[in-house]
Amino acid sequence: MERGKVDVKKTEKFNSTQVRFSKRREGLLKKARELAILCDGEVGVILFSSTGKLYEFASNSHMEDIIAKYPTNPNGAKLVPSEDGTEQPKVEEVPHESPQMPQPTQIAKLEELHRLDGKLREKIMAVKDRKEQVLLELIEKSKLQEQKIVLENEALKEQIEEYRSRLLHHELGRKNSSGRSTSTIFNCRSDKDANYDASLGLGLSGDMSQKRKKPKMDFS
C-alpha cells in the first residue's frame, strides 16, 4: 500500500513542532546509521532543535574529523534543487566504456591460474585419498588388537578354569584320604575290643571250670 504524500508546511503549534522534530530526528539518525553500516560511508549529522538543543551522529565517533574533511574535498557532491524544493546531491553520470578484449598477458595469467587450480585440486584429492587410507589402516589395526585381546581373555579364562578344577580335585582327594584314615583307626579299635572281649571270656570260663572240679572235703 502506497503512503500518501506528506504536505510539508510549517506549523505554529509548539507541541506539534516538537513531536514532529522528535519523530523525524530519530528517523534521520536511523538512516544515517544504516548508511554508515550498510554502505560503509563516513556519515556526520548535526541537528539543532528550536530550543537550541544539539543532536549529532558521527559514524567514526569523531565529528571534528568529518567536518575537517568537508572544505578540503574538491570532489564533494553538489546539492541541486528537487521538485519539492529540497536540495538533493547531484549524481554525476559515469561515462560508459565498451568492454575491452583481454590482452595476451592477461590470457596467459588466466591459463596459469587454471593450471595452478588443477594442480591444487589434484593435491587436495591426493591428501583426501591418503587420509582415507590412514583411517582404514587405523581401523584394521584396531580390529586386530581387539581380536588379540579377545583371544588373550579366552586363554586367561581357560587357565582360571583349569586352576579351579585342579584345586577342586585336590580338595576332594584330601577329604577322601582323611576319611579312609578315620575308618582304618575305627576298624583297628573294633578288632582290639573284640580280642579283649574274647580273652576276657576265656578267662572267666577257665575259672568256672576249676571251681566246678574242686573236690568236696569230708570232715566226718
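Glycine too: its Cβ is placed from the backbone N, Cα and C atoms.
Note that the coordinates shown come from a computational prediction; the quantities given were computed from them, not determined experimentally.
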Message: Please identify the range among 42-74, 108-140, 141-173 that TrEMBL labels coiled coil.
response: 141-173
Task: Please average pLDDT over the domain 'MADS-box' (1-61) for the predicted structure.
output: 76
